[in-house]
Amino acid sequence: MPTDAVPPVPPVPVRSVPPPTKAPPPGAPRRWRQLALLGGLLNVDNSESSVQSVLFPALRASLGLPLAALGQLVAASKLAHAVAGPLWVALARRWPRKNVLAVCCGFWGVWTAAMGMAQNFVQLLVLGTIASAGIAGGGPLVNGLVADLFDDADRGRAAGVLYGIAALGLGITGPLLGLLSDVENGWRYGFFASGTVQVVFGVLILAFLRDPGVGARDGAGSGPAAVARLTRAQFRGLLRNRTLLLICVQRLTTGQFILISFGVTFLVDERGFTNATASLVTPAVTVTYLLGTFLGGFVADRVHRRHPRTGRIAAMQTAIVAYAVVAYAATQIDWGPMWVYMVVFGLVGGVQSVNPGINRPVVMSVVLPELRSAAFALMLSVEAAGWAISSLLVGYLGDAFGLQTAFLWLAVVLMLANGALVTLLYRPYVRDAAAVRSELARRAAATIGGAKQA
């Protein structure tokens, strides 16, 4: 008997469906554009110290200053960083990070421009200290944003790109600043231009930066811990984080920064080049610094994937010892022509540049998301204090014994000791990173459980 029954439909082959992935945080598709904007911000913030370092021989002649004055300027700047950095982080817990960044790293550039109007050393010192107090907020806030834009597997590469972009401007502006040394009061124009560009970037930050939210890449962005203000108990917890404390000690005792501040002056005083010629090392250093940050961050991530327990610490230690070796070659041997110094100083820049792609992800992996900006404020404040101390020492030792001798002790011997110090990081890093992963997993499980109950 005929029926109207529908004939059976053959079963459709079922394809294996990949497990759902965690939805990216808002703004994640544009995270590399956001990173480029943040790198540009750090770039223009560094321009104030670049003008000071590259044009110091001309500035010294204009105001009649001794070599130790550069050490005092750098020291005052870095001490202002050490004090003001945590204050900007505290403000960013009350107001949007984007707005705080626009003020401290952008509109604060009016003080950098004002440095160009200084009539004596005291005025230059005071204005430079005020300018640096604003710029101090950039490092911790930007690093906190990078941690929220990228997950742990990509943070080394992201940090490398960030600091590569930050260094790019020096390579472009370094020779131009050197040309200003041949212009009467050219160093003043350098400060005017630097401050103007900072203000422009403040506007760009307000217009285009999109904050993904604290802990966005760790699945912690919606929890109350992600938006809570830093309490005294949390700060005491940071001080009990042995990995963070050891990194702070390592940054306090590093001698890597003195070649940045005194390199051009060294080539003028010790090797007899003109200010304009000596400034030609800056594009060479920038090219290798860019390559080092990009490749260093990529390699550091690969090493971390292969050796998650020890890879980053071993990479950090290797880079520090290698820096001491190339710093010896750059400062203790008279190479003669300028092109050779461009090569050896380029090697110094390349080796130094791998560090941000290593130590920033180390801090990110041992500190909970809501505490990362505070942790970076602590680390960068200590780093600034170390930079201040080493700059003062180089200035006074340089006046007494010459910059070559000062570099031997602070850029070579001290860095070898610094590399040995990193050995103490291996065990606490494993423990602290595991503790953070466990807490983030617990939070994620609690969030899923709460969603199911709802």
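In case you wondered, yes, glycine gets a Cβ from its N, Cα and C as well.
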Candidate ranges 55-77, 124-146 [criterion: TrEMBL lists as transmembrane segment]: 124-146
Recorded stretches the transmembrane segment (244-268) and the transmembrane segment (189-209) touching, at least 3 CB pairs under 8 Å: no
Feature contact check the transmembrane segment (100-118) with the transmembrane segment (336-354), CB under 8 Å, 3 or more pairs: no
Proximity of the transmembrane segment (375-394) to the transmembrane segment (312-330), 3+ C-beta pairs under 8 angstroms: no
Candidates 124-146, 158-177, 280-300, 312-330, 406-426; stretch with most C-beta pairs under 8 Å toward the transmembrane segment (100-118): 124-146
Stretch with greatest number of CB pairs under 8 Å, the transmembrane segment (158-177) reference, 124-146, 189-209, 280-300, 312-330, 406-426 candidates: 280-300
